[in-house]
Amino acid sequence: MKFWLQQLGLAVLCASSAAARTAEHAYEFKSVAITGGGYITGIVGHPAEKNLLYARTDIGSTYRWEQELNKWIPLTDFLGPEDENLLGTESVAMDPTDPNRLYLAQGRYLSSNNSAFFVSNDRGATFTRYRAPFPMGANELGRNNGERLAVNPFKPNELWMGTRNAGLMKSSDRAKTWTNVTNFPDAAANGIGITFVIFDPQHEGTIYVGACIPGGLYYTTDGGKNWESIPGQPMQWDPSLLVYPNETQPQSAGPQPMKAVLASNGALYVTYADYPGPWGVAYGAVHVYNTTASIWTDITPNANNTSPKPYTPQAFPAGGYCGLSVAPDDPDTVVVVSLDRDPGPALDSMYLSRDGGKTWKDVSQLSTPPGSGGYWGHPIAEAALSNGTTVPWLSFNWGPQWGGYGAPSPVKGLTKFGWWMTAVLIDPSNPDHVLYGTGATIWATDTIAQADKNLAPKWYIQAQGIEETVTLAMISPREGAHLLSGAGDINGFRHDDLDTPQPMFGLPVFSNLNTLDWAGQRPEVIVRGGPCGHQYPDGCGQAAYSTDGGSEWTKFQTCIKGVNTSVHNPGVMTIDASGKYVVWTSAMYVVSPSVQAVTPPANDSGPYASSDWGKTWTSPRGLTVQTPYISADRVQPKTFYAFSGGVWYVSTDGGLSYDAFNATKLGLPAHTGAVPVVSVDRAGEIWLALGSNGVYHTTDFGKRWKRITHKGTVADLITVGAAAPGSTKPALFIRGSPGHPKKSDYGIYRSDDNGSTWDRVDDDDHRYGGFNLIQGDPRVYGRVYLGTGGRGLLYADIVPGQSDKEGNVPGTGGI
């Protein structure tokens, strides 16, 4: 299949201009330090500029390593919610002739028509943006491969891009416009497509291209006028790999190229697998091609060429290979990493060769203390930054909840050496410095040469500054830790210190933590819920409560109907002011890009109530819908609220029964629903964010409502924070746009006068792809916590003595 595409680029200058603000005070933005928290899909280093490294992620965009600050710097925080799809990097390209030039191919999903190229002349401090004429898939299958985007070292204004469904593309004007290379033999338009483009820096016109199909390697020696399949490339699986062919068959007819590196001596190293990855891979191989002699050699690590010997018995199938790096100054120094041996044994391994793949050292095995039973891992004490700051959550509390990818090490005291280790780099400016990414973080060593002596390199975490979590829940109680959070994939945290990584919540450990709440008059009592694949014999693995502010947890005795080990989302939990009555609904809601309720299939009851920590659950009278729009009064015990389908519900008996009121008779718009947001210190005071209907407020438990915002206001989310000094009115924060009387951009706003006037909190440089959740702090005036869909968790504080005319400031990033 061949394509021809050309599109004029619409250039937009991003990141550097000051934003118009309405705020009286400037804000400082900081990351709540989790450190990592997501999948690192690629790490690249400039071939000539020392310490110039970039890390790309699937849903958190790209970071640049800043050596003087000893941290990674996010490059695309200017992206707003309308560009959430651009907060994922498909590929990174550096100009080998100019270290200041950087190119990012942005776009999370093929289903979106919003993909773009970001072009920088200052290492990502500012970008010019050009719309891409084809979709990208930074969070799709095959995101572990690459790099798809490459700069011609002989014509540095020329870029080539291997796409997922539009074939091989070429730009001669630095990504402004693109044309299809129509004579390329196979567009491989299978949704994975062409996964890497490599220029030979020693021979002008020679380009190597790989597609994720068997026999997918091609080359040209005349700048793309003519293409040939690389002769002799592996086309069929080695029969010796298929030890039990009737048990697990390869998913491809032959090896599929994953990544490739052209060494300085002309050797082309290629990793292979039977599936695009990062999951689902069962078989793989590593080969090297002598481009001068046109000879292929199988250099796959095996029992005959690897030291220490592979662990036996090894789980079958043995996985594939993806991660690959070659030392620029030594073409025989190679690192490869296996893919998808998890859950083992033996787990995925990093292999180091000093002789071009003739022999290998199993670095993962050497790095693991004796007696692990093939479950390679770092001692948990190594899960720390180079300055000693620990990242304790990487233990995953050794909780039996996931199984498979990302599961905690089965060996207590170890954290897995890694999974999805598809991003690996021998630092071009320091070959003893090796970095590799996982599904959660970046590990690094400065002593990889220890493996040559069959010793363990010293490892540390080099992910500081990278914050990639998806925030699913937040609370800020009146006492104890200022913030507790729930995240996608990594459970949740009690943030005793916002600026250093914290331990993960204890058992039961959830993969996601979707719901949190605290008791208004007993803030040390907290409930949480999330999916858990482990069946506990002594309680419900999907819900827990704490009576000490979130340090220790106890499982609920039973789950509500519809929540079990196979349910991915456990719904919403809330607890009354006394800390004795819990209401739990199996419905959920999503808030990005808009607030939308999702009701469960079995919708035969209202939210269930319990006063004995889940020993018994009662279906209520008066509310027969599993609505997610529920909350508890923070002051009056046994009082719960719900607003769903244009009906306002109130319970004063611990959720056993509800009185229902037609919204229009109370002063509310018809056919609406939202989470009731309650006052921290006044019974019956509630706010509702009703989208284009604005914000409504009541002080009498919902008997009478009043719209407090101007006509034209949009408010999708609302939260309550501490009152301004000298005021009795709590600060309100909304995600939306106040509209009239002053036209405003969509963002985060604060009101100190109950909605009469609004000040802008965020600005055009601090948008982070939009915010899934917002949470005010009842103890710190002006502070708001901001949960994102891939850029972690942030908090914004007013800068003392600085007006907004002086500008918002980025802060320290948490570490």
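Any Cβ shown, glycine's included, is placed from N, Cα and C.
Swiss-Prot lists 1-19 with the feature signal peptide, giving sequence analysis as the kind of evidence.
Feature annotation from Swiss-Prot assigns active site, nucleophile to ASP58. Within 10 Å of the C-beta of ASP58 (active site, nucleophile) we count 25 further C-beta atoms, all protein chains included. DSSP assigns ASP58 (active site, nucleophile) to coil in the three-state reduction, outside any helix or strand.
Residues or ranges marked as N-linked glycosylation site in Swiss-Prot (evidence: sequence analysis): ASN113 (among others). Around the Cβ of ASN113 (N-linked glycosylation site), 12 further Cβ atoms fall within 10 Å across all displayed protein chains.
The repeat 'BNR 1' annotation in Swiss-Prot covers 118-128.
A strand conformation is recorded for ASN180 (N-linked glycosylation site) in the three-state DSSP classification. The 10 Å shell around the Cβ of ASN180 (N-linked glycosylation site) contains 20 further Cβ atoms across the protein chains shown. The annotation N-linked glycosylation site is assigned in Swiss-Prot to ASN180 (among others) on the grounds of sequence analysis.
Long-range contacts of the repeat 'BNR 2' (218-228) within the same chain, counting only residues at least 6 positions beyond its ends with a Cβ under 8 Å from a Cβ of the stretch, are 170, 181, 183-186, 203-211. As annotated by Swiss-Prot, repeat 'BNR 2' applies to 218-228.
Positions annotated as N-linked glycosylation site by Swiss-Prot, on the basis of sequence analysis: ASN246 (among others).
Around the Cβ of ASN290 (N-linked glycosylation site), the same chain contributes GLY266, ALA267, TRP296, THR297, each under 8 angstroms and 6 or more positions distant in sequence. If you look up Swiss-Prot, you'll see ASN290 (among others) marked as N-linked glycosylation site, on the strength of sequence analysis.
According to Swiss-Prot, the feature N-linked glycosylation site maps to ASN304 (among others), an assignment based on sequence analysis. Cβ-based neighbour count (10 Å, all protein chains) for ASN304 (N-linked glycosylation site) stands at 7.
The repeat 'BNR 3' feature in Swiss-Prot is assigned to 351-361. Outside the repeat 'BNR 3' (351-361), and at least 6 residues removed from its termini, the chain residues within Cβ reach (under 8 Å) are 267, 269, 286, 288, 297, 299, 301, 305-307, 330-338, 448, 451-452, 454.
Of all Cβ atoms in the shown protein chains, 9 besides its own fall within 10 Å of the Cβ of ASN387 (N-linked glycosylation site). According to Swiss-Prot, the feature N-linked glycosylation site maps to ASN387 (among others).
Per Swiss-Prot, repeat 'BNR 4' is recorded for 545-555. For the repeat 'BNR 4' (545-555), the predicted model reports an average pLDDT of 98.
Sequence-distant contacts of ASN564 (N-linked glycosylation site), defined by Cβ-Cβ distance under 8 angstroms and a gap of at least six in the same chain, are GLN542. Secondary structure at ASN564 (N-linked glycosylation site), as computed by DSSP, is coil. Residues annotated as N-linked glycosylation site in Swiss-Prot, with sequence analysis given as evidence: ASN564 (among others).
Taken from Swiss-Prot, the feature N-linked glycosylation site applies to ASN603 (among others), supported by sequence analysis.
Sequence annotations record features per position, and here Swiss-Prot assigns repeat 'BNR 5' to 649-658.
Of all Cβ atoms in the shown protein chains, 11 besides its own fall within 10 Å of the Cβ of ASN662 (N-linked glycosylation site). Residues annotated as N-linked glycosylation site in Swiss-Prot: ASN662 (among others).
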So what's near the repeat 'BNR 6' (696-706) in sequence-distant terms, Cβ-Cβ under 8 Å and 6+ beyond its ends?
633, 639, 641, 648, 650, 661, 666-668, 676, 682-688, 690, 754-755
Length of the line joining the Cα atoms of ASN662 (N-linked glycosylation site) and ASN113 (N-linked glycosylation site), in Å:
41
Whole-number answer please: how many Å between the C-alpha atoms of ASN304 (N-linked glycosylation site) and ASP58 (active site, nucleophile)?
36
To the nearest Å, how far is the Cα of ASN180 (N-linked glycosylation site) from the Cα of ASP58 (active site, nucleophile)?
26
Give me the Cα-Cα distance between ASN113 (N-linked glycosylation site) and ASN754 (N-linked glycosylation site), rounded to a whole Å.
40
Sorry to bug you, but what's the C-alpha spacing from ASP58 (active site, nucleophile) to ASN754 (N-linked glycosylation site), rounded to the closest Å?
39
For ASN662 (N-linked glycosylation site), just give me the three-state DSSP call.
strand
As a quick check of your reading of DSSP, tell me how many residues in the repeat 'BNR 6' (696-706) are helical, how many are strand and how many are coil.
0 helix, 4 strand, 7 coil
